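This report refers to the structure that appears directly beneath it.
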Amino acid sequence: IPSINILSFLLLSSTLSLVAFARSFTSENPIVLPTTCHDDDNLVLPEVYDQDGNPLRIGERYIIKNPLLGAGAVYLDNIGNLQCPNAVLQHMSIPQFLGKGTPVVFIRKSESDYGDVVRLMTAVYIKFFVKTTKLCVDETVWKVNNEQLVVTGGNVGNENDIFKIKKTDLVIRGMKNVYKLLHCPSHLECKNIGSTFKNGYPRLVTVNDEKDFIPFVFIKA
């Protein structure tokens, strides 16, 4: 009888070991190969897609558009008689704000194993792709100013000028791959990008409420 108890104990121990081993290979602990892209939790990061269903690529030109009815594309303008335009605005379906938008390019924070595509919740810099004078050549990268407005004048490499892209669950007729933008400065919590009217202009702005944001889609320029 003692020998039977010992045998039962050994069989039970082996079974528990196999169960524990099997659990280590569930979806809670995905295997990430050296060539895949992952975050700090070792999870594979999906690609961001444009309206044609193609991944966004670093250095390629895109129009960022709010797909909601009455809204429009993001563009650069000079609204303060400054030497360089620095206002990041949003077109609308009213005469004074009609337009096709200003193309942007995405620049990665640093070289990594992410390849040449933009992935969800990875740090990028957003830069308007526009012809500019030598004086304004460094005034095309997005940043957030002290009023929490999105403006240009940022710097690639500045940890406070980082943005990220997150997928939303919004279903908008005729649109696919709907996202939101977040401003993610170093050592601070990310904030959604929303919109506001300031001095008569539709501006992009950071918002504190997690549920308050404007959706965006990306269109190849």
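Just so it is clear, glycine is given a Cβ too, placed from its N, Cα and C backbone atoms.
When Swiss-Prot is compared with the stretches 29-34, 59-64, 77-82, 185-190, the one noted as motif 'Vacuolar targeting signal' is 29-34. Recorded disulfide link (Swiss-Prot): C136 to C84, out of the candidates C84, C184. Non-local contacts of C84 (disulfide bond) by the CB criterion (under 8 A, 6+ apart in sequence, same chain) comprise N78, T132, L135, C136, E139, T152, G153. Taken as a whole, the motif 'Vacuolar targeting signal' (29-34) shows an average pLDDT of 38 in this prediction. In sequence order, K164, L182, H183, C184 are the residues of the chain that are 6 or more apart from C190 (disulfide bond) and have a CB within less than 8 Å of its CB.
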